[in-house]
Amino acid sequence: MMDTNSPDTATATLLSVQNLTMRFGGLTAIDDLSLDVPAGSITGIIGPNGAGKTTLFNCLTGFYKPTTGSLRLDHPTHGEMRLEALPSHRVARDAQVVRTFQNIRLFPKMTVLENLIVAQHNVLQRASRFSIAGLFSLPGYRQAEKEAIERAATWLQRLRLEHLADHAAGELPYGIQRRIEIARALCVDPVLLCLDEPAAGLNPRESAELNALLLYLCRELGIAILLIEHDMSVVMNVSDHIGVISYGRKIAEGTPEQVKNDPQVIKAYLGEDDEDAENSGNAVTEGAAA
Amino acid sequence: MSTVVFARHAMTPAERLRDAGWVAFVGLILGIPLVGLTTVDVGGRLAVGTRFGLLAAAVATVFAGRLLLHWALDQARNRKLARARASTATAADRAHGAQKAVMLLGWVALGASVALPIFYSDNRYVVDTATTVLIYVMLGWGLNVVVGLAGLLDLGYVAFYAVGAYSYALLSTQLGWSFWEALPVSGALAAGFGILLGYPILRLRGDYLAIVTLGFGEIIRVILVNWTEFSGGPNGISSIPRPSFFGLEFARSAPEGGQTFAGFFGLDFSPMHRLIFLYYLILVLALLTHAFVSRLRKLPVGRAWEALREDEIACRAMGMNTTNIKLSAFAIGAMLGGFAGVFFAARQGFISPESFTFTESAIILAIVVLGGMGSQMGVVLAATLLVLIPEFGRNFAEYRMLLFGAAMVLIMVWKPGGLLSHREPTVRLNPLGKPAAAKEAA
Ligand SMILES: Nc1ncnc2c1ncn2[C@@H]1O[C@H](COP(=O)(O)OP(=O)(O)O)[C@@H](O)[C@H]1O
Ligand SMILES: [Mg+2]
């Protein structure tokens, strides 16, 4: 079910972003950005605050309609899909491009297990046949529900969350909520998993665990990952490939080594850091769907 | 540890006496002009008199009252501490306890409602009031789908109640349909209206949603008032046929070719038969509603409603079509409201737009919110309270609505999350009463 990418496609392009531009009134959040995301690998996206990283995710997952440009996904079963033409729920359901949010968005009053089962809504809803099979608890539906629970339990076990399954998600610590959000996204069965700053607010040990998890998802299960992250210990260690964005433009691209030594990147990052030290009021607020 | 915390708050007896003494002293100072001195009418002229006895009593009362107040505060604090200490019991245990308490309450309520007409078989007032309670319970359960589960604030729910009532009234008086024939059709009509309302407001939320639903409720009412040829206008529709008991009429004399309920069972005719039948009818309808909604809650559609309430954007990111989810919530909620409306029309025998004003929507919404959004048992409690408080309040005549409002405010202050805010998960990995630890050890 999860091995949607066989190893021989590992070098092929899964997602191709071409000349993407996103304007909000006068503000150009993404400016003619082109980027290729290879299948079966981890692609890091870095850039200073307000660079347009979250906006890129919002365009990718149908929350924003790009002003111009195209987003082509080479889906392993459905062939080429144009993400910019799909509404957000179809991006997740049909294109299987699934995201997490910079500000965690769980279903807080529901339990962890329920969160993971809601993520399998479409499969279950089909099995419940307009709720008729569900209302009468017909065998087909019962089987589907059992499988959904098993699947959720498998992910909970892999992410070592099993003991928290029946707790309300909103009452758990921040680091754990981040992990739950990833587990929930995995229950949608992603072809491309987009993580928006998954290490934000994690302690060093949790960050190290996140590294191991990302490598496992990509190397063992073949899920391609697009990763926005500020924590360099995460991005530099797990990414196969990194794109750097500043003011909505791609300023560099390459392996972690190449990116680390790129003068443009150093300027964008260190320059911004220096400025930040003097004038910390510059930070830009995060996007609406962030 | 806890004793240290406690000691910091506790006062020694000497401190307490001193504290009470100071308060009594303040009372004395204030009391001299207020209580101690008074004006007396001496032969048409005012003179100052003294009431030192009364003053002494007042000061003594203040002194004792202050001591008593502190004692009561201490008691409350002790109880809170004890509860905090007891809560070292696991969250699972507490959830288990809450769930069991709600279950018990449910069975008691069910038993009481089944037995009620047996004990009050000749008390028209009690059976009538209980029937009203059950109508509100059913309406509350219907609105709970929209507001409590899906989190869509609907201030015009009464519109669907009206659609159900008028559908039955018209189908029965114009086309001669029976109660049981009209019930599903009216429910479907109400559901259709639910979808009709749902479409234009798909993109709205919160306050905006509330305003549009409010408008929708008013539109339906205004149409009913003004479209006289269709709905009878302000005069409403009368002589709506009453439901029969499997074809047996509740009448003194049998219609042509038919039989009466009393005649068939060899009973003496009594108008109470019909009231009790209506009571059991709404009880069955309400219980079916409950079974239906409780089951839906545990199905994908129900979980989707709750997820929608929690975070719509996350729902879309999980691939859920929020349009369908919202429309299904509106349709199901409206259908249940429509069923209640059919029963209402059949019970009253007469309906007019008067019965479907905004106040009605507000009361149903209050039942859902007061009960604890999404809690089925909470709706029962709140509906009972909201119907009974004004009934008991009849003795207070014009203060009745004041009493009603005060009770609502008090409940919300005492329990901001509603009477029953415990949410029972729709599914558990480790079923209750079988803790995870035991499972691991096995
Ligand atoms: N919905 C929106 N409306 C207006 N401006 C937006 C919106 N979303 C994002 N922006 C702007 O786009 C720019 C990029 O934001 P964002 O993508 O959140 O940056 P980051 O790289 O930190 O994730 C910011 O200047 C932000 O204010
Ligand atoms: Mg961001």
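Placement of Cβ uses the backbone N, Cα and C atoms for every residue, glycine included.
Sequence annotations record features per position, and here TrEMBL assigns transmembrane segment to B:20-40, B:52-73, B:101-121, B:133-153, B:158-177, B:183-202, B:209-228, B:275-293, B:327-350, B:362-389, B:401-420.
The transmembrane segment (B:362-389) makes no contact with the transmembrane segment (B:183-202): fewer than 3 of their CB pairs lie within 8 A, with pairs spaced 6 or more apart in sequence. When Cβ distances are compared across the two stretches, the transmembrane segment (B:275-293) makes contact with the transmembrane segment (B:133-153), since 3 or more pairs at least 6 residues apart fall below 8 angstroms. Below 8 angstroms of C-beta separation, residues 113, 160-161, 206-207, 209-210, 213, 279, 282-283, 285-286, 289-290, 293, 296-297, 302, 305-306, 308-310, 325-326, 329-330, 332-337, 339-340, 343-344, 347, 363-365, 367-369, 371, 373-376, 379-380, 382-384, 386-388 of the same chain, each at least six residues beyond the ends of the transmembrane segment (B:133-153), sit close to that stretch. Counting residues 6+ beyond its ends, the transmembrane segment (B:158-177) has Cβ neighbours under 8 Å at 139, 142, 183, 185-187, 189-190, 193-194, 197, 216-217, 219-221, 224, 230-231, 237, 239-241, 333-335, 337-342, 344-346, 351, 353, 355-358, 360-361, 364 in the same chain. The stretch from B:20-40, B:52-73, B:209-228, B:327-350, B:401-420 with the most CB pairs below 8 A to the transmembrane segment (B:183-202) is B:327-350.
Counting same-chain residues at least six beyond the ends of the transmembrane segment (B:20-40), those with a Cβ under 8 angstroms from any Cβ of the stretch are 46-52, 54-55, 58-60, 62-64, 66-67, 70.
Sequence-distant contacts of the transmembrane segment (B:401-420) (same chain, at least 6 residues past either end, Cβ-Cβ under 8 Å): 102, 366, 369-373, 375, 377-378, 381-382, 385-386, 389-390, 393.
Here the transmembrane segment (B:209-228) has long-range neighbours at 152-159, 162-163, 166, 193, 197, 200-201, 234, 353, 356-358, 361, meaning same-chain residues at least 6 beyond its ends whose C-beta is under 8 angstroms from one of its own.
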